[in-house]
């Protein structure tokens, strides 16, 4: 039975890069992994495949939206480490619903019966707006993971995600595994001071601290995971947190919780206390 993860976070903070590197770390530890990009930008799997692959929506358009005419090969591409990759895609700008597209991708995967062949399935989901469609992966997930940076906007989005997880947990099995601190900069960004305080208040923990490092940015633009970059101390520093997260997720009983969201004023107090 697959371990299903829903990875959320505010747009533009490195969520997809982090997810791809977690997928790579899991695969290198022997897991059979599927990563599903659930963002209209359809670039979630780029570090794994080195290409902007065809989306589910593009594939459906080619067969006039007849699901039964699609095969796995039409929508799944195998990338680094044997990780299978899929991109849901999105509707044309100004029309349709991106969340609906996520739901259609999930429906197609169910019809193809691919779930049971994987050890781990990761949904990489846009987390700025957790509407019904974009929250759909929480219906299937064992755990949610939030990617966040040490700033107000990211923490505000993380709190909204905690609200969605809390609400979904009343009907589904999903729990919050924890928060991954991304782009951690102890010189300019305060490290993880605000994230640590926020995590304590909502009843979760920081799973790992991914450093703010130029090498991670370079790997992203090169269409590679950090594990494919040249060996050296900098690479070791960057891949360490991804391996820590993979080890945690592959443990038999990873700790988790139903988060307790805080009020907006509480977030302002956290941020204001560190200015």
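A Cβ is built for glycine as well, from the same backbone N, Cα and C atoms used for every other residue.
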Of the candidates 41, 54, 205, 235, the one that Swiss-Prot places in the ATP site of 12, 13, 14, 15, 16, 17, 182, 183:
41
Of all the binding-site residues given, 12, 14, which residue's CB has the most CB neighbours within 10 A?
14
If you count other CB atoms within 10 A of each CB, which of 16, 183 wins among these binding-site residues?
16
Might you list, by sequence position, any residue in that chain lying six or more from residue 41 (ATP binding site) with a Cβ less than 8 Å away from its Cβ?
90
